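Noted in TrEMBL for the protein shown:
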{"type": "TRANSMEM", "residues": "B:12-37", "note": "transmembrane segment"}
{"type": "TRANSMEM", "residues": "B:43-64", "note": "transmembrane segment"}
{"type": "TRANSMEM", "residues": "B:96-117", "note": "transmembrane segment"}
{"type": "TRANSMEM", "residues": "B:123-144", "note": "transmembrane segment"}
{"type": "TRANSMEM", "residues": "B:156-174", "note": "transmembrane segment"}
{"type": "TRANSMEM", "residues": "B:194-217", "note": "transmembrane segment"}
Amino acid sequence: MELRLTDIACARGGMIVLDGVTFALASGQALMLRGPNGIGKTTLLRVIAGLQPAVSGQIDGADEQIAYAGHADGLKATLTVSENLQFWAKIYGTSGIDDAIAAFDLTMLIDRRAHDLSAGQKRRLGLARLLVTGRRIWALDEPTVSLDAISVGLFADAVRAHCAGGGMVLMATHIDLGLQADTLDLTPYKAAAAVETDFDEAFL
Amino acid sequence: MIALLLRDVRLAIRAGGGFGLSLMFFLILVNLVPFGVGPNNELLSRIAPGILWLGALLACLLSLDRILALDYEDGSLDLLATAPIPLEGVVTMKALAHWITTGLPLTLAAPTLGVLLNLPGSAYGWLAISLLIGTPALSIIGTFGASLTVGLKRGGLLLSLLVLPLYVPTLIYGGEVVRRGAEGASTQTALMMLGGITAGCMALIPFAAAAAIRVGLR
């Protein structure tokens, strides 16, 4: 069981941003994606999650395995913390949101509406969703934004536990989580400025 | 998928969801018509089928941009697209939730409002039946429009322009059922056309809408 990317090129807004990205991620491994703003970390994660197609190259082992968490948390403001989590548990066909709630210290907030949570609490709820998906591979885009030091610790613990259970974590982040994780700097894969000949993207 | 349906209905009913807005709009629109055309009972009863159908259609249009735009803004649509349920199922459930919160209340309210327009007695049943059969098509065509404009800022106006022409067949046959019902003529042909349009939309549009969302999310 591994996630393997072979020679992936991906585009944002019709411009190819990354070219020739190749790496493999084995069970229990965590990988940090690094690189300056605009290098294409988010684009690469969206390609891996299946939200947009790669321009070229091949991805193996990603089908129905990815739990994606982007910049937005996907919370419904008028639903409570437990209703939000229960919805995702039902969508993924898993049961029990208690572990996720305990792991991100949301017990006190369980009946609070998501609208009334602080930015950091919302993010914790968004990350707790990963635990209820039951998916093997987490693809996370800047997961620690607006988290305080204690919450970052909780998150690091969750990542460690997920990897210990045979899961994989792929994460674009700028901070050091203190994890035993490999780092992949995307700068060498930066594509030469080339305009895609396929014109229909320009209209979208 | 049932979870998604329940969530959408619950979101629509809770504060800020816009449930009831369409119904109120329909009520006010139908109330305004007699003020506009004057107290001419004969004229009112003649235009009543068309006004009631047009009112229901516009009321339905009012809440279309909420079907997908809210989920896109808060990131849920990305997460639903990566979830194990197919996007076609997501679209169908969203259309169904929209129908339950707008089409169904409109259908139930329309006969009451027929009184205000002096709708002939024989037409009430046909009004309810034609709306019951026709409004699902309005919801699902609207969902298609919403999926085409997903990701566009202020896509609401464009959505109306895209969707209204597609509503024409449903409006024609829906109004025709009620008009014939009012005159006591046979409604069978119009009713079958109306049902055919709805069934065709339900069968084909989820695939088109899901494809449009996939492009919109890129």
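Glycine too: its Cβ is placed from the backbone N, Cα and C atoms.
Three or more CB pairs closer than 8 A are found between the transmembrane segment (B:12-37) and the transmembrane segment (B:96-117), so contact between the two stretches is assigned (pairs 6 or more residues apart).
Distant neighbours of the transmembrane segment (B:194-217): 68, 72, 77-78, 81, 86-92, 95, 130, 133-134, 136-137, 140-141, 143-144, 146-151, 169-170, 173-174, 177; these residues of the same chain sit at least 6 beyond its ends, with a Cβ under 8 Å from one of its Cβ atoms.
Listed as Cβ neighbours of the transmembrane segment (B:156-174) (distance under 8 Å, sequence separation of 6 or more from its ends, same chain) are residues 53-54, 57, 61, 64-65, 69, 130-131, 134, 137-138, 141-142, 144-146, 148-149, 190-191, 193-194, 197-198.
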